[in-house]
Every structure is written in structure tokens, then in C-alpha cells.
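Written below as C-alpha cells is the structure these notes are about.
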Amino acid sequence: MLTKFETKSPRVKGLAFHPKRPWILASLHNGVIQLWDYRMCTLLEKFDEHEGPVRGIGFHAQQPLFVSGGDDYKIKVWNYKLKRCLFHLLGHLDYIRTTVFHHEYPWILSASDDQTIRIWNWQSRACISVLTGHNHYVMCALFHPSDDLVCSASLDQTVRVWDISGLRKKNVAPGRGGLDDHMRNPNSTDLFGQADCVVKHVLEGHDRGVNWASFHPSMPLIVSGADDRQIKLWRMNDSKVSPFAPPSSSSRPAGSGLGPPHSIYRARDEEGAWEVDTCRGHYNNVSSVIFHPRQDLIISNSEEKSIRVWDTAKRTCLHTFRREHDRFWIVAAHPSLNLFAAGHDSGMVVFKLERERPAYALHGNLLYYVKERYLRKLDFTTQKDRAVLQLRGGGSLKPVYSMSYNPAENAVLVVNRSSSLENSVYDLYSIPKESDGQNPDAPEGKRSSGITAIWVARNRFAVLDRSHSLIIKNLKNEVTKKVQTPNCDEIFYAGTGMLLLRDNDSVTLFDVQQKRNLGNVKIPKCRYVIWSPDMTTVALLSKHNITICNRKLQSLCSIFENTRVKSGTWDDSGVFIYTTSNHIKYAITNGDHGIIRTLNLPVYLTRIKGDKVFLLDRECKPCTMTIDTTEYRFKLALIHQKYDEVLHMVRNAKLVGQSIIGYLQKKGYPEVALHFVKDEKTRFALALECMDIDVALEAAKALDDKDCWDKLGEAALMLGNHQVVEMCYQRTKNFDKLSFLYLITGNLEKLRKMMKIAEIRKDSSGHFQNALYLGDAAERIKILKTCGQDSLAYLTAKTHGLEEAAQEIKAAHDPEIPLPEADLNARPIQPPPPKSHMEENWPLLTVSKGFFEGMRAVRGGAAPGGKGGVIGGALAMEDTDMEDVGAGAGWGDDDLGLEGDDDPLGGEDEFKSADGEDAAEEAGGGWDVDDEDLDLPTDLEPSAANINASGGDDDHAGYFAPPTKGNSPAQNWANNSSLPVDHIVAGSFESACRLLHDQVGVVNFEPYKSLFLTNFARSRTTFLALPGLPALNGYPQSNWKEAGPKNGLPAVGLRLNDLPVHQILTLRTACNLFFKLKNFKTAGSFARRLLELGPKPEVGQQTRKILQACDKNPTDEHKLDYDEFNPFDIDAAEFKPIYRGAEKLECPFCGAKYSPQSNNTTCKICLVGLVGKSTQGLKIRRKIH
């Protein structure tokens, strides 16, 4: 029994699989119905409208409906898409036990404790038939999968089979006989008043109440389970010859089967239904029993807390699965998959009976796989598939667990595992060179016990035996040697002479010849290992994890999946393609992964070639599937900087979706996304990210959103593109920022227009602010008088020497309110006049464009060469037409309409000039420079060499490409050394911390802060350069004689102090302390150890006196947990002895010892190390090349 999914909930009384989706319904004893996705292991929905336990549940085969019945006497029909109950059916007078839909007709079948069975039409919402006859609770009623039959089980100890063909002929159209038969006998069912539903068989044989009965999906068989703890198999009369037909009394030996001869066929009725046999084994009530949909098996469960699997032909129990505390109540089978579900007291479990993963081995273009006990060979090139040999054992054994192929000897190892690993065996076969594909040979293989068998050389294979020991055998299946290995429970192939050994949480690379470990990686319970064709990378698959490593088993990346990982294969480009329960996915060795396509059913990949995937399904049928590899090839090209290939994909492939855009943004390629993104909002965000003002401006115009204009203005201001900033402020009507922009660019003319606009808008604050920017005192006095601020107006006039205006204010002022006197020392502050009016944007250094920027420029047109500089800044991809820029008068004058004041309060007209000047005339040539009349010396004319050097293009004359910045010596130090101190002096603190963690297990780096900074500060020298320039650094190197540009190592200056003799101090202190405590025996042992270390003479003399005193009275007044004759270590956390042989852990940094309870804690002694961490050891020497 392989558990696929398990839930915890109140008692589950009913279960139903969805026929197509990976869903299961569970009806609970507390009245709740749960809808689960068993593939994703998630609860999708809960329905809780029933009052009391819900016992019956069932999905409709085609419609998005399910039906439920409970102890509230109600049958409810639900729509799971709408997530609500559509209607309920009333009629039953007691608890409802089961409810199911008919597979074809619009019928619902229900069974109840009111001793009736009802058939309902859920479309008309009416009861169309009531089946009476049982005289006790009806526990179960089910439709036949194909015939017009119903079977029911009751506590009256009978199973009844009902013929409902009359109901079909009356309510639905023609049945099996077709329309002609229906027309010939239109009223045959009602001619003599015949009932719609009649009892066809009454099966009596159980000694107590029957809890469940169900039909066989294809044969005329019924199985039933009852409170008499028996499972009975019944046969209905049928024209077909059956292996279950009762033998004659003369040919049937007495005592055969599982019951007495006289009882097996006692329940045969007149029309031909009889008991075939009885399965005994349960020792409590049988709750539910069903046939396996595709195999000759019966699955039953019982209140004895077990599930049993029975052989239909032999009527013997094959498997028993038990739970500790939970009684089972219901079992259900998936209609098309090898899945079952069982409900118990504390939830449910979804399981399958056997492993469905096909066993296969790949070699070149050949695939060897096992199907129906035959070893088959598939040639990928010719698509020829044929059987090459028949495996030993026929069909009696379980499916093959794994296989390993040896191309040198054309031999194969086939492993069969049982539920008990100790009973696992393997077979060694030699594949015949020629065989009949229709009837292949069955060679005698060499069989031995073993959990796993794998080839490790052309004539040697390794076997992991039942004691988990590694044995090497030859082609004769003889043991050649035994290899001592670390503890492992599985082995995998890792190349010639190499194996991967698996334990619970790691995989180890093991050299069989040298008998030593070469590498180790942490991965929980690795299940499968898949090597790339060149054996340079390997994918380790566990239940939910994929770890990709290199040949030395160093981890490259790790990926977690929510669903189970099934299989995988390597693409030719080094990408790992793998499958989960519901997807085909890819993983690149840098950690990038994604979905390629969705799967309806799990498949097992064998190989990928181009965009074609070869796979095996769960029926072991070879298939091919076409996938779209564009996404991962696109990412791979970006990683390898194959930009031509990237551009080709951008132009020709359908790369769309937020995921690829998010990936490009995350990896720092927003300019690539601009090539194919059509959504203006996304284009705007990408353009701002790569600071492409031109593209952002186009998108902002299309969006015309205030938030976009604000962001564009902020980005343009960072690049000094004040003309775009002006347009953004005008579009958002941000008058305050616009005024300040005109002030800092020296555009006093437009600043005066802004003042007039503020006056028109009656914005006194803005009006006054613009007058202040312009230094127009008369205008400020006018504004203050208008606002009633006579005192401020008077002070302003007096301070600026405008006596006439001051007297005018004083004369008009109320004489009863005195005006303030101006300070005689006050001086007016005038804004400094601008030295020049800044027409052009701030100059930016023109640098080499990136690949994608250059391609955009080529597609969008060449940039103008001489006028105005680069509009969008250094990262521009396209250049806007100069006529659209609005040079001279600033961007957007046409949009703002600064030409007049015809409508000062309406829309855009509030921006019109208040003085009536035509701004269009001023905007004529603000960006043009009148340079025709300049008389330049002839020696300044560009030479041919200069022209050729600049590319021979006038547009690129004077083009400057800065040199590539080199690496500093400090960066080379970190690249050349694995010593933490070298990384510290290089300033690479992060890598230094990582090295300390790996080498000595340091996890707390706070105490190292001052040491890091001190060593970093003294790793370089500083000397002055030219005046006004920053100081230059020198980098002393330890290998300065032979060091080149890239192989230098730092000179580390350290002062070494004499280490104190810690052990002498410790023993001296302990000796004195124990002597004072009158523990003379222990003090004497400390004194002897101290004298052995050779202390100073005065210390030695004092110690000898203590030793003489202790020898006179060798007793301890205080008993200690201390045995001086048993070597021990002190637990640094609890200060208790850890004697030799006891399990202990160590701090990798300071060596302090700890008990296992302190695992993964910070060391109490050094305060930096992680207790119990396995490390490499601190490296303190380096090789100087």
C-alpha cells in the first residue's frame, strides 16, 4: 500500500472520486463535506449545510454537480463551480445511507434507514420510483456500471438485485434493444400493470446484517460484506461461460475452497444467482467492499482497523494494511486510475496498491524497459519497439522495481522488491543477440537476494544485500569482494568504479576501488539519480526536492516542488527537464526553473531531443510529446550572453506573460523586455527602470496618467533633462515645481508668465512666490495690498526704497491703526540674476551602447549627431525628432498654450501668456546655435586619421568610449585565496564570513567586527597625488617579486604575542581551591598534573608543599561527579563530565565539547561557533605561485 495523500478530520463516512479531475469528496460525521485536491494535497472547498452526519456522497460523471445525503433526511444537489447547494429532495423518513448519480440518465439513487430505495430525476426534482422489499435499514444501493440493474444491501441479511429496465423504458428513451425494439413493444411494461422496478435476485447467505454490496465492472459478479465478518462473492446468471460457474457435486472435492461444501451454493435462486465463495479473515464487521476496476482483486475494510486485498480467483487474502486506532467505514475506487481511498475515524487516506513507475534503462538511442514481464527494446531513431526476452517468473511477481543495463556485455540486471526488503531479489540476464519479437526466448537468469544491483564496470556489478552491505560480483554472479562503506540504504550509479550511497539525509560519492568518500551533499531521502550524458552534472531527485550537483557532488542549485517529483532527463544544452505529478518543468543549473506544460496524468521522461520528449506512461507505453523550449533556451542564451540568439527569439518567438518580464527585470535586462512588450503601462515601468526617457515619454503620452507624469518627471530630473521635466509639470499642472524649475534654469521670461498665470488663477500664494523669485518688489506690494496686508506692504515698500508707494499705502490706511516702522538697517534681498538662460539639457557623457540598446537604435533610426545632445540620457534607445522636442522654448509649449489669456479659467488655457506675446515665435531656434559666421583656424579641421578613428561618420565624430574598468588588486586577492584573512583585507567581508562558516563553523560574526575593520584598514597604503585630487592607494603584496596583474596576494601584518600557559593557570587555581575545600585527594591529583608540566620554581615549590599535605590525608570532604581514572571531557554548556565512549559533539572553532542536547546551538565558550557542524578546518597556509 503506497499512501499518496492523507487528511486529518472527524470521521469520514462517504467518499467519491471525480472522474476526470484530481479531486475527492469526503463527507464527515460532523455534517461537513470537504473537497480535496489529492494531487496538490490542498483543501479546495467546504460545504456545511447539512444538519447531522453526511453518509452518502457522489460526483456526476459529466456535469459540475455532486449529490449528498445525510441524517437530516435531505438529499442535496450541489454545483461545485458555484460553490452552493442548488436544491434538495425530500421524501425519505429516516437517515440516508448512500446517494449516487446514474452514469447516463438524469437519476439519483438513494438508500435509507426507512427501508426504502428511491430513484429521483434530478432535472425534474421528482421521485420517479420507490423500491420496497427490504424489512430493515438499507445500508447501500448502487447502479450497475452498464446494465439496468441496482444492487442493495440491508441489515435484513439479504442482498437484492433490482431490474430497472421498465423504469428506463417508461421515463427515458430506448435502451439496449435500440429504437426498433422500443417501437415494436411501446407499452410492454404497462400492459399488465407491471411495476417499473422489480426484484430480480434475492441473495441470502449472510448470517447478520449486510453493510455493503457492489457490482463487478465487467463480469456478472457481486461482492458483499456484512456484520458476520464475511465477504461473499455472488454470481448472476449470464449467457457467457464463466470460470465461477458452480461445478457438479461429483467433480467438486469435499472441503475445497474456504467454506464447507454444503454451504457455498445454498443461496442460488430460481433465475440463476448463487453464492460462489466466501472470504474469511476479518474479525469484526466488514464496513465496505469493492472490486478492483482493472484487476482480479477485491478490496475491503472493516471496523477491526484494517484494509484487506483479496485474490478474486483464489479467494485468498494477499495483503493486510492496519491502522493503530482508527476503524474504517468506507472504501472507494477511482473509475480510471489505480487509486483508492478509505475513510476512517480520524480522516481519510488515498492510496494505491502497487508501484506504477516503469523500470527502464537508457543507452544512446536505445531504451530498454520492462512491460508485462517482457524486456523490450525501443530504438529512438527508427521507432522500432520489440520484445527481446521474457523475464523469469511469468506474471506472478510484482512489477520490476529497477533495472541496470551493461552495453559492453549486453547484459541486464533486473531488481524485484517486495514489501519486506529482506525478500528482495535480482536477476542477471544476458540479452540474446537475435530474438523473435513476437515470441522471445526466456533465458534462465542468475537470481540472488539483494535490495539493489548496479553495474560498476564492464564485468562487475555492485549489490546492496539485505544487511545493507556492499558486495561486488562478476558476470557469473560470484562474489569477488566485499566493500566496507558508510551506512547506506540505497546505491546509485555514478560512473565506472563509482557509486552514490544514500542515507536518510545525504548522498555520498564513493570510490569502490579506493574505498573512500569523494564528496557529500545534503538532500532528504534521495529517490532517483539522473546523470547528464557527459557525466558532468547530476540531478538528485527526492520526494519534493531536486538538487543539481557537479561531478564532485558540489551543489549547484536546489529546487523545491509542492507536488511529487516523478522523473527527469537532460537536454543537450545542459538543462534538466523533469516531471511532477501535473507538470513538465525545466531547471537551469543557476537555479532558474519554470513550467513547460501541464499534464493530465503523470508520465516518466526517458529522453529529449530538440522540442520532442520521449516518455513512458503508467501503462509502460512509449509515447512522444512536443514541448515549447523557447522559454528556457531564451534564459540560457541570456546567461551565456548569446545576444544574437536572444534577439532572434524576441523577434520571432511568442515570449509573452508577466513571468518572463519579471524574470528579465530581476536579472537586470529590462531593455530586452522593451523589445516585445506591447502593454503601455508595462513599457513605461520598464523604460523607467533602464532610464530610457524617450520610450517612457511615448508611453506616458499614451497613458496620460498623472501618476505616470509624476514618475517620468522625477526620472528626467535625475538625468538633467529639464525639458521633459517641464512638460511633465505642465501636464500635471504642478505650478510650484514649474516655477522653481524656471528659476534654476534662468528662464525669467517664463517665470514672469507663471506669475501672470498665478494672478489669473487668483492664487495669491503662487503669485507672491513668483514675484519673490523675480525680485519684483512692486508686484509683491500690489499682492499684499490686494490681500489686505497693509502693514507688510508698507514695510516692503519702505525697505525697498519705494517711498511713493509707501506714502500711498499710509494715506489709504486707517489712521487709528498705526503702521510698523521699518528697520533703518534693513536691506532688501534680491535674487541673483541668472548668468545665462539654460536652453539645453544638462550635458551627459556619451558612452557605448549595450547590444540591445544598439539594436533598438538601429531599428528606430540613427540619433542626430550634432544638435542638442542625447535627449534620453546615456541609456537612450531611440531619439525623438527634434521638431517634437520643442527646442528653445522648452518641451510642451504647444500643449500648454502659453500664447494668450483668452480663457484664463478654462482647461489648458490657464497656461496662456498674460502679456499676449506669441511664444511660438520665441520657440524658433532655442536649440540651434548660430555658428555659420565663426572663423575657425584651418589647423582645427579634422584629419582623415581622426575621421577614420571615429568611424568615418559625421554623426559619431568626437565619440568617446571609456576604457573598461579593471579589477583592483584587492579583488584579485579574494579570487586567488581561500584564506579568510585574505578576504578580510580585500574588503570582501561577506565571502570571509562564508569561509569562516564553512571552515570552522562560525555563525555569530558580531565579535569579529572590530577585527575585520582593523585588518582591512592596514591592508593598504595611502599617498597624496596632485593637489585637488583624491589620495591614491597602494596595495602591499606578499608575493610582490613574482606577482602579476591577477595573481597577487596580500601582505598581512600581524603581531604575535606569547600565548599564556592556560593549563598551568587552570590546574594551579583548581589545586588551591580544592585544598581550601578540604578535598585533599582531588587537590593532590591536580598537584601531580601541575608538576608534570614544569611550572616556574616558586610555583613548583608551593605545589610540592600542597602535595605533601594532601598525601597525609587523601580524602575528599565533598563528593564530586568526577572520575580521574576515566578520561573525560567537560560539557561546556552544563559543566558535566562526558566520559570516553559517550556520544559528544564539538565546537569546530574552539574545540569545546558538548552533549548531544546542545546540537546546532552557539558555542558558550567562543560565542561564535556552531556546535556539531561538520567543517573543512581552518586554512592558515597558502601556496604562492
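Cβ atoms are placed via backbone N, Cα and C, with glycine included.
Curation does not apply to TrEMBL; its annotations are automatic.
In TrEMBL this protein carries:
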REPEAT    47-79  repeat 'WD'
REPEAT    89-130  repeat 'WD'
REPEAT    131-165  repeat 'WD'
REPEAT    203-244  repeat 'WD'
REGION    241-263  region 'Disordered'
COMPBIAS  247-261  compositional bias 'Low complexity'
REPEAT    279-320  repeat 'WD'
DOMAIN    375-617  domain 'COPA/B second beta-propeller'
DOMAIN    645-806  domain 'COPA/B TPR'
DOMAIN    849-1059  domain 'Coatomer alpha subunit C-terminal'
REGION    886-930  region 'Disordered'
COMPBIAS  892-908  compositional bias 'Acidic residues'
DOMAIN    1060-1181  domain 'Coatomer alpha subunit C-terminal'
Can you work out which residues elsewhere in the same chain, 6+ from the ends of the repeat 'WD' (89-130), have a Cβ less than 8 Å from its Cβ atoms? 14, 53, 55-61, 65, 67-71, 73-77, 136-143, 145, 150, 152, 154, 162, 164, 167-168, 171-172, 196-197
Would you mind giving the whole-number mean pLDDT across the repeat 'WD' (89-130)? 92
In the same chain, which residue numbers or ranges, 6 or more beyond the ends of the repeat 'WD' (47-79), come under 8 angstroms Cβ to Cβ? 13-19, 23, 25-33, 35, 85-90, 92-101, 103, 108, 110-112, 120, 122
Secondary structure composition of the repeat 'WD' (279-320) [DSSP: H/G/I, E/B, coil]: 0 helix, 25 strand, 17 coil
Could you count the residues of the repeat 'WD' (131-165) that DSSP puts in helix, in strand and in coil? 1 helix, 20 strand, 14 coil
Would you list the DSSP helix, strand and coil counts for the residues of the repeat 'WD' (47-79)? 0 helix, 19 strand, 14 coil
